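Below is one structure, written out as structure tokens; comments come after it.
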């Protein structure tokens, strides 16, 4: 499934590096990273939306928030979100509010799509890990501290 996320350009090679880190000994690393990413990025997107509604728009503040979102998105490999952030930052520089609003709506859509697909991917990954674990205790003899005679 991660190949599909890469093929759809939702994620990039940075995501593969995160998976490799997980394989090296942190069994829930990717899930933990994306949980934090979605928590923070959702708040940042809400904040950006509120800033765009104010009159006059403080483009410098919007740009700082977008810069933070870009860095966070790059660190997890959220390619499509990051590219939309870059596009929106260019529009912020031009102070093109109408185009910024349209791009912001697309950015939210891309973010929601990534979140939905990552949640499905992580759920599937949990199921695979659970299926790979050997059963506990069914075929092992119980260990007892007393011997019967």
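Quick reminder: no glycine exception, Cβ is built from N, Cα and C everywhere.
Marked as coiled coil by TrEMBL: 97-124. What TrEMBL lists as domain 'HPt' is 26-131. Look at TrEMBL and you will find 67 tagged as phosphohistidine. The region 'Disordered' annotation in TrEMBL covers 127-149.
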The domain 'HPt' (26-131): DSSP-derived helix, strand, coil residue counts: 94 helix, 0 strand, 12 coil
CB within-chain contacts under 8 A for residue 67 (phosphohistidine), separation at least 6: 89
